[in-house]
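Data first, discussion second: the structure below is written as structure tokens.
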Amino acid sequence: MMEFDTIAAISTPMGEGAIAIVRLSGPKAVETADRVYRGANRLTDVPTHTIHYGKLVEQTTEQVVDEVMVSVMRAPKTFTREDVVELNCHGGIVAVNRVLELILEQPDVRLAEPGEFTKRAFLNGRIDLSQAEAVMDLIRAKTDRAMTVAVGQIEGRLSKLVQDLREQLLQTIASIEVNIDYPEYDAEEMTQQIVQKDAGEVRRILTELLATARQGKILREGLSTAIIGRPNVGKSSLLNTLVQEAKAIVTDIAGTTRDTIEEYVNVRGVPLKLIDTAGIRETEDIVERMGVEKSRQALNSADLILLVLNGNDALTEEDVLLFEAIRGMNAIIIVNKSDLTQAIDLTRVSELADGRPVVTTSLLEEAGVTDLEAAIASLFFEQGVEGQDMTYVSNARHIQLIKQASQMIEDALGAAEASMPIDMVQIDLRRAWDTLGEINGDTAQDSLLDKLFSQFCLGK
């Protein structure tokens with residue numbers, strides 16, 4: 001275990017609340033807390049993994065700062081594998097900041113840097129780098145499924161797979177090195193067969209893993225989803241129905257939504273960042289025109305388009321132009337207002353949809369919403385999100401490293417097939433082995449670690 005100084009930080013979100021937590025970690029964590037703690041027993045004398053009621057006081061005046069419950073956890077069975085103390089004080093802004101100030105006034109303790117607790121857990125071997133990154137994914141998860149994927153990664157699901165692949169590559173590399181060191185055995189042809197078989201299997205698994213990248217990124221980052229359509233077809237009603245709150249103004253007046261409105265929503269485990277756009281149409285209103293331009297920008301950057309049509313009207317030229325604007329994009333066509341007399345040509349709608357899902361709804365009565373949710377989930381997850389038990393790769397850094405390693409193995413296989421010198425094959429496999437090691441942090445550089453952990457919040 002590496003030697004560090006003692007750090008402290010607030011580990012709970014700022015703001016009003018019943019309880020806040022100040023966390024300490026390091027060789028003098030218990031000693032530091034004990035200096036300002038007054039209770040039935042000294043913290044330096046209590047057993048590990050116990051919690052104690054007491055008060056925090058100013059050392060010079062013995063004035064009470066706050067009542068606290070103190071958790072004492074001694075190394076190595078802690079998150080950082082160091083001595084850890086958590087001070088559970090009253091929530092709010094003033095109380096918890098005063099407790100932190102009291103701790104930082106003590107000698108040999110400093111304010112933690114962003115992500116430093118997790119960084120210490122990594123450097124002390126408690127978790128690897130992919131598990132550390134999954135901690136932030138868990139904090140930022142917007143759906144149950146995204147949380148499940150993050151927890152699986154924290155528990156080492158991706159880590160173990162990467163370790164197994166690196167071990168398989170290492171065995172292949174070792175076979176090559178035997179051939180290089182003992183050329184008199186003339187086993188080069190056999191070694192090439194081993195490379196084709198073993199390295200080929202690693203490449204196959206990496207290819208399967210990369211196939212989950214699109215779905216993994218959706219679960220991790222969400223789908224940017226633009227709701228588009230002519231004015232007053234029910235776009236804001238759709239947003240409010242999915243969010244279950246009145247976020248957008250719903251009136252009979254065309255052009256009411258004059259800007260884009262964004263909201264996150266969980267649709268059957270798929271996180272959507274819904275963007276309710278202003279109706280796209282030609283207008284003389286300067287403010288509405290600015291909203292229309294933002295709508296066009298949202299349309300171009302969206303992962304998914306929800307095109308809303310008015311079933312009570314015949315298709316208009318504006319509707320057809322919207323179909324043209326989303327040509328080739330992931331889209332679901334929503335024919336709204338099914339509770340009214342239908343004037344729309346559904347056959348023509350299906351032709352314009354060009355194989356993309358068409359769902360009929362009455363958002364006023366919330367009819368057809370279940371069908372819409374199913375269409376969204378099945379568009380990106382053929383077997384449904386909740387039913388899939390698999391290892392996802394969702395982190396952009398991991399995806400890039402896997403792509404690089406896969407290409408290096410491809411180069412090695414090509415070299416072996418072309419009967420190039422076996423040591424040339426070994427170089428590519430060794431590079432792939434090193435590249436995969438960056439996922440777990442086995443071969444990561446310090447500059448990368450500093451960059452990754454700086455993205456964490458204070459106290460984590």
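Each residue, glycine too, has its Cβ placed from N, Cα and C.
Since the structure is predicted, the reported quantities are computational estimates derived from the model, not experimental observations.
Per Swiss-Prot, (6S)-5-formyl-5,6,7,8-tetrahydrofolate binding site is recorded for R23, E86, R126, K460, and the stated evidence type is sequence analysis. Counting only residues at least six positions away in the same chain, the Cβ atoms of A8, A9, I10, S11, V84, V85, E86, L87, A112, F117, G459 sit under 8 Å from the Cβ of R23 ((6S)-5-formyl-5,6,7,8-tetrahydrofolate binding site).
Summarising the annotation, Swiss-Prot assigns domain 'TrmE-type G' to 222-381.
Under the DSSP three-state reduction, N232 (GTP binding site) is assigned to coil, being neither helix nor strand. Taken from Swiss-Prot, the feature GTP binding site applies to 232-237, 251-257, 276-279, supported by sequence analysis.
Residues or ranges marked as K(+) binding site by Swiss-Prot on the basis of sequence analysis: N232, T251, I253, T256.
Feature annotation from Swiss-Prot assigns Mg(2+) binding site to S236, T257. Its own atom aside, the Cβ of S236 (Mg(2+) binding site) has 24 Cβ atoms within 10 angstroms in the protein chains shown.
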Have a look around K235 (GTP binding site) and count the other CB atoms within 10 A of its CB, chains all included.
30
Could you tell me the C-alpha distance between N232 (GTP binding site) and K460 ((6S)-5-formyl-5,6,7,8-tetrahydrofolate binding site) in angstrom, no decimals?
46
How many angstrom lie between the most widely spaced Cα atoms of the (6S)-5-formyl-5,6,7,8-tetrahydrofolate binders R23, E86, R126, K460?
19
Taking the Cα atoms as reference points, how far is R126 ((6S)-5-formyl-5,6,7,8-tetrahydrofolate binding site) from S236 (Mg(2+) binding site) in Å?
48
In whole Å, how far does the CA atom of S236 (Mg(2+) binding site) lie from that of K460 ((6S)-5-formyl-5,6,7,8-tetrahydrofolate binding site)?
38
